[in-house]
Structure formats: structure tokens, C-alpha cells
Ligand SMILES: Nc1ncnc2c1ncn2[C@@H]1O[C@H](COP(=O)(O)OP(=O)(O)OP(=O)(O)O)[C@@H](O)[C@H]1O
Ligand SMILES: [Mg+2]
């Protein structure tokens, strides 16, 4: 299966000379959800803007459904829906009009049925005749999504769809994304929330300083990059880690009753067996043992941090 | 050409205009009436005729031009500046339309609005003075061309402007003086020779003169020169817009 979105060697230098994208390669398969993670200023919005035609690339090329975004921009853009990061809406326009306008801009005939479906899907139908300025922030964000969906795109870009959105609405947003995925839409979203990527994405990409550090299957990523922790409860508290255990990466909790061992699941030997026997050798009585998988967040912070060290 | 998209932009812009229809019409009608009171009645009573035409009637073409030019510029510049300002321009840039289609949609709507207002003013002036239009077709042609070319200029200003001050700067500092010094309220031949020479560098002189010729059959400059001037002016605007299109200047940076 060929990728629905193909990015090759994409570079973007802004007018002031700042290089926001330093050669990005990315393939996105039809029907998947990919989450792009990265700190502020990483280049997420720039990447999306360049693909969607808001800014022009300095070099490299992008195809959407096999159509080059420059030479065949009409076909390429017809497939794309864009939900920008900022809430850019005309305050005095009514919801239904602004959604209709978006559809019209794509040269499509006015179909009120489709507009209605989209508005209902986003729970905006009862607000259709309200002016945009009368809506809450979360509703406005949904209007942006409705506008992007009005021309029935195959690929949807969501630039931080849940920024500044409360927990409940964020769950709603995830449901919307899941429904869209079911209808076959490919979704590329950016987010600062690791749990969001963990909850809804199939694959995760990490961007930092204009470079795509990695793109991986979410579960594979966690398994590959994941560090595990082994927490060992001991019955009698201790003040210091016994000499015998000095060679292990251990930390002792404040109350002296928990020893935490961090190990790498990628390593050939985790060292758990020898650690446990060394513990009994040191005379420690174990009362409980627990392991914990590190979250994407820790992986992410680790990656970005390593990137900084290298720079 | 994505005509359906152009139509969408055009109708969307026009709907904004019709929503505020009353405002759009009331202010030009009031200001025109004031011009008639001040120039036509007060001053006009002391200048009885200009080249065989009563002063009140003489200023009608200039008055229509003055309003049409300023309206075309302000409508077009605001029309494209507004989406830039509130950020909705992302929609235009990410839609499967090219810059030419955007220009046609916005400039077309701005020119139409200016034309509407021009016609309203013309109708208003019929209540104040007697006028017969000698060359109605030429009159319409000059009016429409002026609406389009000044809407093009307005579009360029709207793209160029980075803030509201700049949006008003060009119309205020350049266009208004050119229009007032363009023979709207007087015949160029009334000026001393030196200023007549200077006036020949003012493009507005050609437009007003051609337009007035369509009404009364008299002009400051030959009609062909007027046509040439408006064609040249339109050509320059189209050229500049083409350049903006190619470079993405102030749009796709
Ligand atoms: N128009 C511009 N001109 C110059 N530099 C820009 C412009 N837009 C963005 N940048 C710079 O490019 C870099 C990437 O910005 P971008 O908006 O893509 O980041 P982001 O990953 O979306 O960040 P955030 O999470 O804060 O939205 C930043 O350093 C930013 O300052
Ligand atoms: Mg961003």
C-alpha cells in the first residue's frame, strides 16, 4: 500500500532566515491516526502549514494521494481538511454560513444535507444559526473542525485540537477522531499531551527543532524505548543502600521501605534475578514486588533531552 | 478555473455588504447631498457655468468618480485585509484555488459594491440637477472600468498593509489628494498653465475627464487618452498583483 501522504526532504526557512524544518521525511498510510509530539516551537505547525499550502516549502516535496502539492495543488488540496491551531473565525458570521462557505471554497455544490451531517456529528446543529462570537471556546474549536470537514476530506490535519479544552470535551474530541477514523479519514494531529497520543494515535512522531526524531508504532515505541521500573518493598526500613547492591541502579524511598530499580527492557539481561538474590544475600526481607512501564511522556522527554545534549 | 469557488467568495463578500445595506447606502447619499448643497448651491450660485454646463451638473461626474474610487479602494483593501487580520486567510490559502481566483472573487465583489454606490449617487444627483447623459454606453464603461481598476489597487493595498494605519495611509495620503486635484470639481483649463502641466501626471484627471465627456461631450484631455490611461492603470495593477502571486509576498511567507 502506498502512503496517502508522502513528505520528502522538506525544508522551510522563514523570511528572517530561521530554519523551522530541517529536512523532514514522513510517510502516512491511509486510514491511520498519527500524533505529532513536540515542544513549543518544534515546527509542528510549520510542517502542517507547508503541507496545506499556507506557506511554501524552501525545498523538498510533498504528495497527497499521489498529487504533488505544488504542481497538482488542486487535486492535493481537495483531499485535505485543515483545523488550525488558532481559533480563526469571523465573529459575526453564523455557524452554518461559515461552514457552507468552507465547502464553497472547495468549488463544491452547496449540499445542506452534508453540512447538516457534519454539524450534527459535532453537536453544533442547535447552534447553527448562532453567530460565532456567541459560542464558547470549545464550540468554536468544533466549528473549525466542521469547516474542515465540510468538503469531505480524505486527510484531516488537527493542529492541537484539544489545547485549552476541558477534560470532558477532550474526551469528546477523541470520540470524534475515532468516528472519523472509522469513516476512513486519515488523521494527523499535533499535541502537547502525551496521554492524548497514547489514547488515540496508531503511530507517534516526535519533532524537535525542525527535525523529526522518530516515527513509530505507538506500542512498539513504548516497548522499544520503554524503561521499566521494579519497585521492591522491604519489611524493615533501611537508611542506606547496602554495599552489596551498589552496582545496581537503585533508589531508596524517603521512608526507607521501597527500593526502585530501573532497567532497560531492551537489554539482554535485565539483572532482575541477580538483584533479587543479592537482596536476600544482603539480608533484606521482601514484602512486595511491582513493575511499572514508563509512559510515552518519559520517553518523549528523554528523546527531546537527548536531542538537546547532542546539539 | 474554479468558478464555483470564485462564486462562493463573491457571494460571501456581497452578503456582508447586503447585511449592512442601509449603512452602505445612507452615508454616500448623505455626503453627496452635502456636496450638492455646498458646491452646487452655495458656490455654484456664484459660478454660473463651466464650458456651457451649469456648475451643479458639471460636478456630478466628478462626484460619482470621487465616491466610486474611494469606495472601490476601501472595500477591496478591507475585504482582503480582514481575513489576514483575523486569520481566516488560512482557508483561502489551503483551498484548491489559485491567487487569480481569489483576486477575481474579492475584486469583483468590491467593484460591484462601488458600482452600486456610484449608481445610487447618480440617482441622488438627479434630484438636485438636470443632466442628460450623451454617451450612456461610454459612461457605463468608464464607471465599470474605474470600479475594477481601483478595486485592484485596493486589493494591493490590503495585501501590503500590516496594520489598520497602513490600510488607511495610502488612500489618505495619495488617493484622496489625487482625486481632489483630479478635476472633480473644476475644469483643468481653469488652472494656471503650470498646474495644468502638473495635472497631466495625475491619472485621476484622465478618468474624470473621460467620464465627464460621456455626460456632456466635453473633456480636459482627449477621450482616447482617458481610455489609454485607465488601461495603463489597470495593467499596472494587474502586473503588481501578478508579481505578488508569483512571490507570495505578504501572503505565503
Ligand atoms: N512566520 C514566521 N516567521 C519566522 N519564524 C517563524 C514563523 N512562524 C514560525 N516561526 C518559527 O518557527 C519555529 C516553529 O514554529 P511552529 O509554529 O511550527 O512551532 P510548533 O511546533 O507548532 O509550536 P507550538 O507547539 O508552540 O504550536 C518557531 O521557532 C517559530 O518561532
Ligand atoms: Mg503549533
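Every residue, even glycine, has its Cβ placed from backbone N, Cα and C.
Bear in mind that TrEMBL entries carry predicted annotations, made automatically and left uncurated.
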Problem set entry | TrEMBL annotation of transmembrane segment - which of the ranges B:101-122, B:167-188 it falls on | B:167-188
Problem set entry | Of B:55-82, B:140-161, B:224-245, whichever stretch has the most CB pairs under 8 A to the transmembrane segment (B:167-188) | B:55-82
Problem set entry | Same-chain residues at least 6 beyond the ends of the transmembrane segment (B:55-82) whose Cβ lies under 8 Å from its Cβ atoms | 13, 17, 28, 31-32, 35-36, 39-41, 43-44, 47-49, 102, 106-107, 109-111, 113-115, 117-118, 121-122, 125, 128-131, 143, 146-148, 150-155, 157-159, 161, 167, 170-171, 175-176, 179-180, 182-185, 187, 204, 207-208, 211-212, 214-216
Exercise. Which sequence positions outside the transmembrane segment (B:140-161), separated from its termini by at least 6 residues, show Cβ-Cβ distances below 8 Å to it?
Worked result: 64-65, 68-69, 72-81, 84, 103, 106-108, 110-112, 114-115, 118, 167, 169-171, 175, 207, 210-211, 214, 226, 230, 233-234, 237-238, 240-241, 244, 249-251
